[in-house]
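According to TrEMBL, the compositional bias 'Basic and acidic residues' annotation covers 167-187. Summarising the annotation, TrEMBL assigns domain 'G-protein coupled receptors family 1 profile' to 1-283. TrEMBL lists 159-187 with the feature region 'Disordered'. Per TrEMBL, transmembrane segment is recorded for 22-43, 64-87, 107-135, 228-252, 264-286.
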Amino acid sequence: MPTTVVALALGRWPLSSQACQVFGFFNMFTLVQSVLSLCNISINRYVIVCKPFRFPTIYTTKRSIMMIIACTSISIIISTPPLFGWAEYGYVDEQFYCFCLWPKSPSYAFFMIGVCFGIPLTVMAICNVLIFTAVQASKKRTARSSRSSMAISKNISIQESSSDTEVQTKTEKDKKEKRETENKKEHKNVDMVDVQVEMSDSNTETNDVKKRLSKLPSNKVKAEDIRLALALAICVVCFFISWFPFCISMLIGIYAPNAVSNDFHLATLLIGYSNSCMNPVIYGIINKRIGKGFRDLFCRCRCCSKEKL
């Protein structure tokens, strides 16, 4: 981006042609790396939301490192063909930066649109649809579980009320029998023991039910995963909106180079560049933990600046 700003201010590429090829390669590499990283994270969110029990075995530290290395290696491989004759890196006058010269190799342009835009976005869309479906199913299960819990709690209250009524009735009956005759004292004591045993059994059953209710699974961890998945879905949508016009500009540059003004081509590039600042904002707003991390980082930097002054 800094070289684009300098070229835009000067109206020309300020460095050598070899430097332009290097910058063109790294522009392509970082673009492909961004797309594949989003795709990789989408798969990660799908597994943790839809297959939570398999997540620890799939995403071990070693495997995660291997996935990152694979993502980087694929990005390098896809970006090297223009260095060996399939297409060419050079200065794009309309957009004031060094990138692949698409009109010189339409086949590579279609290859990049398919590999770096079509396939990853398809995978991301499928993952997010499956995540959305799993979240909806989880909400329905939670609603049914809540209704069941309320029904069980209601039954417990009815049982406790019924037990209290039975105890009160038996106690009044025993008092009446005591006033009528002292000869039934022993029988009354036996009845009271039976009532206490029944109360104990009822309380034991109630406590068992309450324990089962307390062991219902908590949704706190999954709720956080769902919020991260939502943030990723928004990032994917923003990525598509930001870079789709650039793909249109590519096709226009190949088949109708004079159909639109240079301002259109430059605007599509700037819109694509704007995507780089969206993800931290999206994650910082939706995820409280990441937002707190940003605040702590900025506060720490500000405190260090004040100490230096």
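In case you wondered, yes, glycine gets a Cβ from its N, Cα and C as well.
Because TrEMBL annotations are produced automatically, they should be read as predictions rather than curated entries.
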So which residues does the transmembrane segment (64-87) touch in its own chain, when a touch means Cβ under 8 Å and the partner is 6 or more beyond its ends?
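Beyond its ends, the transmembrane segment (64-87) has Cβ neighbours at 21, 24-25, 28-29, 32-33, 36-37, 40, 100-102, 104-105, 107-109, 112, 115-116.
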Going along the chain, which residues at least six beyond the ends of the transmembrane segment (22-43) come within the CB cut-off of under 8 Å?
3, 15, 67-68, 71-72, 74-76, 78-80, 82-83, 89-90, 97-100, 116-117, 120, 123-124, 127-128, 232, 235-236, 239
Which whole-number mean pLDDT does the model give the domain 'G-protein coupled receptors family 1 profile' (1-283)?
77
